[in-house]
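Read through the structure below, which is laid out as structure tokens, and then see the notes.
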Amino acid sequence: MVSLCPQWVAPNLITITGWLFILSNFLLLSYYDWDVTATTGSGTSLVRSPIPRWVWFYCSVGHYLGYALDGIDGKQARRTKSSTPVGELFDHGLDSWAAILLPVCLASVFGRWHISASDDFWPCVSVLGAFYVSHWEKYVTGVMYLPWLYDIMQLACGFCYLATGIWGTGLWQYELLPGLLIQQLLVWVLELAFIGSFPMSLWNIYCHYSNRTDPHPRRLSLLQALLPWSAFVVMTMLFWVWHQFSLTDIVEKEPRIFYFVLGIVFSNISCRLIISQMSDQPCQLLNPLFLPLLLSLSLSFLYQHIELNILWTYFFISLTAHLHYGVSVVQQLCSHFNIYCFSLQKKPQ
């Protein structure tokens, strides 16, 4: 597919185009199914479903295009001899944000037949964990291996959209075995994504430390190697407390915003990990977005009647902070390397 791209197209332009396809799926499903209930009870007939059939077909095409473009941006960079740390950060930074969009969009496919919005928490965290463990592995070893589950999950997600467009949302409510729905099986697969990828990363790290022939080995102490997990664990704990002990059941009321905010914080953590790896610097113990998150969590228990407003406020704070951080870092890197982000033209000296 990369051969179809003109050589004047910047790799970062391919990256952001693919990400916009994934984001458009999220925005489109949010418009038709904001509270993730549109497909609940719609049965196999798409005529009665508030989500039009064309939306599912668009999501399938958009997902596969996003997946395909994400896979060729690196090839385009090597093809045009424009590989830089800017491209790596831009690519993986947007991927980290897109990681939360996959399970949230699938929630609209499955509805709330047998799985509530609160039940989606651990599948979402598992998908984020599977993404994070690959970049943690690169932080430790200097080499990144994408787990084979990644490609399978991407292909399966696009198929879910396509199958829903053809056969309807009721397809996912059929029983494979007594008490086991297709929907439940797929959710378990998402939860196993992290469990399946973690042992492989540990094995790769073991092999890296066992390799005595590497002339420039990257050797971190145990504390340095485990440091990146502090932010991920704290993030998970804070959002779990909010989702588990919310006095107004905030996740059931605003599942999209809650999980999107989770994705913003996760993306910020991942971007900082990527920068630490590229600059060979120690990873940060905690994330700056934790302070307003902890404040929002505390206020939600004290003023439960405005918990929804608190969540939206934190959404705007975290979104603004993350965008400012991302844009500032990319601008500084582009200035340092004397390049444009979305163009292959060289800056004047």
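Using N, Cα and C of the backbone, Cβ positions are placed for all residues, glycine too.
Keep in mind the model is a prediction, meaning the values are calculated, not measured.
Per TrEMBL, these features apply:
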| type | residues | note |
| --- | --- | --- |
| TRANSMEM | 12-34 | transmembrane segment |
| TRANSMEM | 148-173 | transmembrane segment |
| TRANSMEM | 185-206 | transmembrane segment |
| TRANSMEM | 226-245 | transmembrane segment |
| TRANSMEM | 257-275 | transmembrane segment |
| TRANSMEM | 287-306 | transmembrane segment |
| TRANSMEM | 312-330 | transmembrane segment |
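Remark: the transmembrane segment (226-245) contacts the transmembrane segment (257-275), by the rule of 3 or more CB pairs under 8 A.
For the transmembrane segment (312-330), the residues of the chain that approach it from at least six positions outside its boundaries are 86, 89-90, 93, 254, 257, 260-261, 264-265, 267-268, 271, 275, 288-289, 292-293, 296, 341, judged by C-beta separation under 8 angstroms.
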